[in-house]
Amino acid sequence: MTQVSGASDVPSMGRRQFMNLLTFGSVTGVALGALYPVVNYFIPPSSGGSGGGVAAKDALGNDVVLSKFLADHNVGDRTLVQGLKGDPTYLVVESSEAIGDYGINAVCTHLGCVVPWNASENKFKCPCHGSQYDATGKVVRGPAPLSLALAHVSVTDDKVFLSPWTETDFRTGDNPWWA
């Protein structure tokens with residue numbers, strides 16, 4: 001018959017070893033928590049679906065619904081939405097039933113200011129240094145060296161999506177500088 005002894009074969013963890021393990025776990029948790037935003041910065045945002053692009057967001061962060069958007073805006077309006085990489089992007093209302101198949105990035109190519117649409121002059125005018133762009137975002141007056149970037153606009157299930165523009169720039173006939 002086997003005799004049961006009072007001593008265990010597994011040594012108990014000492015206080016020092018327990019405190020070292022606790023300290024290591026705490027430091028590791030804090031380090032991982034601090035590194036999470038850094039790692040997240042280098043991972044591009046998801047495309048938001050099956051190749052449809054990134055959903056355009058309004059000023060409140062809600063998805064842009066085409067039917068409501070068209071009801072609230074007039075033909076010829078250029079309205080800011082949150083687009084690719086979170087950049088402000090103009091959607092162009094072409095008719096009471098449709099928006100343009102392109103969006104215009106609102107970031108000035110000179111120093112990065114957000115360029116407002118000036119409806120009375122039918123052009124974009126940068127408030128920082130006076131650069132001007134026509135209604136399609138093509139630069140017409142410097143100091144901006146390049147036209148505003150473009151994005152493709154598509155509609156799926158009445159929601160507006162933006163995707164990168166990689167084809168020839170229809171305004172200049174050149175390859176896109178932003179791609």
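One is the number of the first residue shown, and numbering goes on along the chain from there.
For all residues, glycine too, the Cβ spot is worked out from N, Cα and C.
Each of Cys108, Cys113 is a candidate, yet Swiss-Prot gives the disulfide link of Cys128 to Cys113. Counting same-chain residues at least six beyond the ends of the transmembrane segment (21-43), those with a Cβ under 8 angstroms from any Cβ of the stretch are 13. Sequence-distant neighbours of Cys108 ([2Fe-2S] cluster binding site) (same chain, six or more apart, CB under 8 Å from its CB) are Val114, Val115, Cys126, Cys128, Ser131, Ala144, Leu148, listed in sequence order. Once Cβ contacts within 10 Å are tallied over all protein chains shown, the recorded positions Cys113, Cys126 are led by Cys126.
The Cβ of His110 ([2Fe-2S] cluster binding site) lies under 8 Å from the Cβ of Cys126, Cys128, His129, Ser131, Gly142, Pro143, Ala144, Pro145, each on the same chain and at least six residues away in sequence.
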